[in-house]
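Engineer: Sharing a structure, written as structure tokens. Questions coming.
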Amino acid sequence: MSNVDHAEIAKFEALAHRWWDRESEFKPLHDINPLRVNWIDERAGLAGKKVLDIGCGGGILSEAMAQRGANVTGIDMGEAPLAVARLHQLESGVAVDYRQITAEQMAEEMPGQFDVVTCLEMLEHVPDPASVIRACHRLVKPGGQVFLSTINRNPKAYLFAVIGAEYILQLLPRGTHDFRKFIRPSELGAWSREAGLEVKDIIGLTYNPLTKHYKLANDVDVNYMVQTQREA
């Protein structure tokens, strides 16, 4: 059975043409991207590395990592976002290899081929996130690093990520997130360890609605990122 939620894919298909509009529904992704790329680059040293970006969408993270000198492959199951990614690539001149394939299928094709694997803001949109994490472990080289991000599951996360972001501040379209699919750090850590990935670091991402700025912080109550590593 394919680990794909077609309703989730359809949400992003409908919005794909606005992916690179920095004032669109994707503004939060553009705003947090420099923070995420810096955090990953500081830990993995992207220059010269072979990187796989799972759930790449329209290519915001993929292009940014390629600009740091990485050899990036971006995969997604959304046809429209990938078309937008390829089109933007022609405009930007940034080289990324985009493919429409699942993480699990990619792991069958190219096990142990990547120095770094990223899977950001994607796990909460698939039926079986643990399956994706197992695929990440298979895809990364021994000693390589896997970076994951998602949203915590607690009342504060519901208030901020759903009610606040989708209804009050309208940073995201209503229905973008399903609170039931949010993932606690303890769950993400357990799935990572079960897959053979050691958790090395965790950092939160917070938003100030007054200044409209994001920053990295030790607060992992809502958005957070995790650095894991496969044994050498």
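The backbone N, Cα and C atoms fix where each Cβ goes, and this holds for glycine too.
What Swiss-Prot shows for this protein is this:
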| type | residues | note |
| --- | --- | --- |
| BINDING | Arg36, Gly55, Asp76, Leu120 | S-adenosyl-L-methionine binding site |
Engineer: What does DSSP assign Asp76 (S-adenosyl-L-methionine binding site), in three states?
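Structural biologist: SS state of Asp76 (S-adenosyl-L-methionine binding site) = strand.
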Engineer: Using DSSP, would you call Gly55 (S-adenosyl-L-methionine binding site) helix, strand or coil?
Structural biologist: coil
Engineer: Give the number of CB atoms, excluding that of Arg36 (S-adenosyl-L-methionine binding site) itself, located within 10 Å of its CB.
Structural biologist: 24
Engineer: With every protein chain in view, what's the tally of Cβ atoms within 10 Å of the Cβ of Gly55 (S-adenosyl-L-methionine binding site), excluding that atom itself?
Structural biologist: 23
Engineer: Record lists Arg36, Gly55, Asp76, Leu120 as binding S-adenosyl-L-methionine; longest Cα-Cα distance in Å?
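Structural biologist: Comparing all Cα pairs, the maximum is 19 Å.
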Engineer: Using all protein chains shown, find which of the binding-site residues Asp76, Leu120 scores highest when you count other CB atoms within 10 A of its CB.
Structural biologist: Asp76
